[in-house]
Amino acid sequence: MQCNVPVIAAPPDTYPVNEIFESLQGEASFTGTPSVFVRLQGCPVGCPWCNAKHTWHVRPEREISVSAMTEKSELPCDSYSRCDVSTLANVVRAADAEHVVITGGEPCMYDLRPLIAKLEAWHHRVQVETSGTYVPLVTPTTFVTVSPKYEMPGGRTVLDEALARANEIKCAIGRRREIGVVLEKLDPIQQANGTPIWLQPLSASSRATAICIKAARRYGWRVSLQTNKFINIR
Ligand code: SF4
């Protein structure tokens, strides 16, 4: 199956923003950290189990105002607002949390450096969550979480440059054979760079969780649980 999602170049220093909300980071190294989430619109990777399919397409007819985006009540929703750096940074600044998570969609479709530089100048710590299929254009101090997506319908390749830039690698695991991919392609990076590998059970199923725990014990990896789901928050 081919996923023909076009990659739309954004005008310079603007970003299509699906939503901005505050919650706790529920996964991996920053679990439990109060965070502002900035969800960008657009992703051509096409993971069949994606829980953010509403972010895949950037359709001009679905563009809305910034205020309409920040006040969205109908969620999930594929509408988005095109925000310039100052507008977006000011919305983030109005929230309480110091930690900012830029997610998607696939945020690394866009050059994130102008936005992150502005947020860091205002003393935010910025984490970017990416599939590893684009080179992350981020500042040197950005915390990059790569969740590598291999052989997905969109046909994109996980890039060595993205994996080399990762501060952590987080793998969604549903089946036992996926452990072999982690062992072959990702464990050498942990061995070489010390980049922690997190296994995250797909859909928190008990079978996937057991596979993750067994592999983490055997190979020195970690298990990431989507803790926000346990307490029923986003
Ligand atoms: S990379 Fe993320 S947003 Fe894109 S299809 Fe996969 S899970 Fe969904």
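Any Cβ shown, glycine's included, is placed from N, Cα and C.
Here the structure is a predicted model, which means the values were calculated and not measured.
Of the residues T103, T130, T133, TrEMBL puts just one in the substrate site with L24, Q25, G26, R39: T103.
Taking the C-alpha atom of C77 ([4Fe-4S] cluster binding site) as reference, the shortest distance to any of the binding-site residues L24, T103, G105, K149 belongs to G105. With a cut-off of 6 Å between Cβ and the nearest atom of ligand 1, the binding-site residues L24, G105, S147, K149 reduce to G105, K149. Each residue contributes its Cα atom, and for G26 (substrate binding site) and S79 (Mg(2+) binding site) those atoms are 25 Å apart.
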